[in-house]
Each structure stands twice: as C-alpha cells, then as structure tokens.
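Visitor: My structure is below; once you've seen it, I'll send some questions.
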C-alpha cells in the first residue's frame, strides 16, 4: 500500500468588495473586506492543528493576507509569495462588472498559458517537496529492514497554498485530466468559494488523490458570494 508523502491544502483567498460587487479582478491588487478577513480567520481555525512546513501564496494582497492570517497560528513557517499563483490576467475586463460581458478581450491571458503557469508551479514547488519526502521514506524503510526493532516514524510534508478561484479550478482540473490526480469518492469539482479549502494527497508512487474540493464547512457564513466574476461564463 502506497504511503502519503505530501498533503497539500489549497485555500482560496477571503472575500473582497469586488467579489461582492461582481467585478472582475484578475490581477488587480484588491484587499480583503471585513467578511474576507473573518473568513480567513475561520480557515485559520480549521487548519490550526495542521503541521505546516511549507507555505506558498499569490503575491496579490487578498491571497497574501489570507495566508498571513492562517500562518498566525503557525509561528516559524515562512510564507513564500509568488506571481505564479496569481489569478488569470483578464486584460480590459479587469475592474469591469460581470454584467453584460461578451467575448473576452484579446489581451486576456491565454488559457494555455494560464494552465501552463499553474502546472509549472505545481511541478517545481509541490512535487519537489513530495519527491524529497519519498526519498526520505525510502531511507527509513531501508533502515527499518536493517534494524527490525526500530519503529518507523514518518510524517508527510504538509503544504499550504493560497491562491485564487480561477487558478485553483484550472490547476485541479488540469491535474485530473492529465491523470496525475484522481478524485476521491464523492468529490465533485464545482464552485470554488472564498476561503474554501481543497486537499490533495500525494503518494510515494507519484500518484495523487483529490481528497476534498472547495470545502466550506468551516465557514459560518450564509451569505457567501456564489459566482466568481473571474471565471464566469465567457471568460
């Protein structure tokens, strides 16, 4: 039976005023509103007991601040911000209401580039940690074989990644389509709500399982924004 070597917690940033107003943000650097800060704190509560070793975030402040709030409960874990985890660049649509949109502008980030950007981050960041832990596991298994009386202790690396709804959906969908991941029983790819948490387990054999997607059970918020203007139909 294959062993989990990495567990990735992918969190969407908390709510912004632009989310609430149905305005396309793309790579505009919008802040969390009060509801978004509270959502981030609820996500932090849900992840309080998770032994994070590594944390990544989009460098846009709505994601970065969400990650910072989560990591307040994890002193000593450094946050690495990266433009690779930014939302899709939406060109002339940025700052525009979702209402009445038609054909995406020509200066929108091409889908193929957006998909490649998220996949490159996954391969260079997440898989690097998974491969490191897989090598560590193999060394410990060899030691256990040589010294049967020694109890094998192994803990997967726990990785936090805070990003945006469009990127999270694109990343996960691409990993599933390429069969690098399979969806766990009952897991459905649907809307990625603000401050939702998705979990991926990666095994020593290189395969992975999407354990949950866009879970919001930790949020005691009834009036969540239902539609993401950055990934709405036509984008």
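Just so you know, the numbers here start at 1 and follow the chain as drawn.
Glycine residues also receive a Cβ, built from the backbone N, Cα and C atoms like all the rest.
Automatic prediction, not curation, is the source of TrEMBL annotations.
The active site, tele-phosphohistidine intermediate annotation in TrEMBL covers 13. Marked as active site, proton donor/acceptor by TrEMBL: 87. Residues annotated as substrate binding site in TrEMBL: 12, 13, 14, 15, 16, 17, 18, 19, 62.
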Visitor: Go through 12, 13, 62, our recorded positions, and report the one whose Cβ sees the most other Cβ atoms within 10 Å.
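Guide: By the 10 Å Cβ neighbour count, 13 comes out on top.
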Visitor: Any idea what the Cα distance is from residue 12 (substrate binding site) over to the residue listed as 'active site, proton donor/acceptor', rounded to a whole Å?
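Guide: Taking the Cα atoms only, residue 12 (substrate binding site) lies 11 Å from the residue listed as 'active site, proton donor/acceptor'.
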Visitor: Taking the Cβ of residue 16 (substrate binding site) as the reference point, list residues of the same chain whose Cβ is under 8 angstroms away and which are at least six residues distant in sequence.
Guide: 25, 30, 31, 32, 33, 36, 62
Visitor: Taking the Cβ of residue 14 (substrate binding site) as centre, how many other Cβ atoms lie within 10 Å?
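Guide: If we count other Cβ atoms within 10 Å of residue 14 (substrate binding site), we arrive at 28.
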